[in-house]
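Per TrEMBL, the features are as follows:
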DOMAIN    23-287  domain 'NADH:quinone oxidoreductase/Mrp antiporter transmembrane'
TRANSMEM  59-80  transmembrane segment
TRANSMEM  86-106  transmembrane segment
TRANSMEM  153-171  transmembrane segment
TRANSMEM  178-197  transmembrane segment
TRANSMEM  203-222  transmembrane segment
TRANSMEM  242-261  transmembrane segment
TRANSMEM  281-304  transmembrane segment
DOMAIN    290-342  domain 'NADH dehydrogenase subunit 2 C-terminal'
TRANSMEM  325-342  transmembrane segment
Amino acid sequence: MNPQAKLIFASSLLLGSTITISSNHWIMAWTGLEINTLAILPLISKSHHPRAIEAATKYFLVQAAASALLLFSSMTNAWHTGQWDITQLTCPTSCVILTAAIAMKLGLAPFHFWFPEVLQGCSLTTGLLLSTAMKFPPLTLLYMTSQSLNPSMLTTMALLSAALGGWMGLNQTQTRKILAFSSISHLGWMAVIIAYSPKLALLNFYLYVVMTAAVFLTLNTIKTLNLSTLMTTWAKTPALSAMLMLTLLSLAGLPPLTGFLPKWLIIQELVNQEMAPTATIIALLSLLGLFFYLRLAYCATITLPPHTTNHMKQWYTNKPTNTSVAILVTLSIILLPISPMLRTIV
């Protein structure tokens, strides 16, 4: 793709996100989301492969439907209350429609079916954008309206997301699809807490972005799209493969890694809100995700493939690791000791 075109699309993404995050009026927030959608479509379909075109089409249709629902929700609220302010969402019907619209935007169950297919159809760098940057504007809308939303509806969707994200990722062999189901599962953890502690949901999102970016960029560095190729990367980049294993275990939420922090704080907050059964269920559902993270980690650090593969063994390369990958991987592993400081922020 032309570098000038890439620059235009990247700045449009930045502009759209900034408009949505900083707006108080529903129409401005909707405009920002539309700019975002239109800017990411060429990045998804840039390879001109039929799979990429299909992914871009699916993404456009889902996002257009979600935007229409969001506009309908804000208009219904304005009709009832005379308010276009995002924080003044008081009509119960509007709250339900808005929750559905943002769930579609984010890929939260039961509106998650488009996300693995779209992620599978695009490159790893575009997949990283879809999994992180494109989720931030809808999540800020959820953050701003969190006091008005129905907690029981959000909790149901969150448990469904955690269950389906873990369950459907079990038999996947494509790394992008596994990361898509991982994203759906993590969104469940954010949705379950956003009505009770919105700042904690945002902290969870920030840490999720750091860990997911580390995994995506590492996989992009070693050019790995499926598990069978991942098995042959140990000989090429042993240090990076070992770091990938630790980052994946961090995403799974194992102590003493960074990923344990948001899960620990969310379970603690749910217990404080007298929702111990919900905390127990979502903690047990995270074990499903742990299985496929362990599977990925095993494939990443295996020194000899257990069977003959069609992929050529790669020579050890002594290239230095990208600085951004090194920083993100480090943050994904060692942030737990400074959790008291992070706790004071939220």
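Backbone N, Cα and C atoms are what each Cβ position is placed from, and that goes for glycine too.
Note: the stretches the transmembrane segment (325-342) and the transmembrane segment (178-197) are not in contact (fewer than 3 CB pairs below 8 A, sequence gap of 6 or more). Ranked by number of Cβ pairs under 8 Å to the transmembrane segment (153-171), the listed stretches 59-80, 86-106, 178-197, 203-222, 281-304 are led by 178-197. A contact between the transmembrane segment (178-197) and the transmembrane segment (203-222) is present, since 3 or more of their C-beta pairs, 6 or more residues apart, lie under 8 Å. Non-local neighbours of the transmembrane segment (203-222) in the same chain are 124-125, 127-128, 131-132, 135-136, 139, 175, 179, 182-183, 186, 189-190, 193, 230, 233, 236-237, 240-241, 243-244, 247-248, 250-251, 258-259, 261-262, 265-266, 321-322, 324-325, 328-329, 331-332, 335, 342, 345-346; each lies 6+ residues outside the stretch with a CB under 8 Å from one of its CB atoms.
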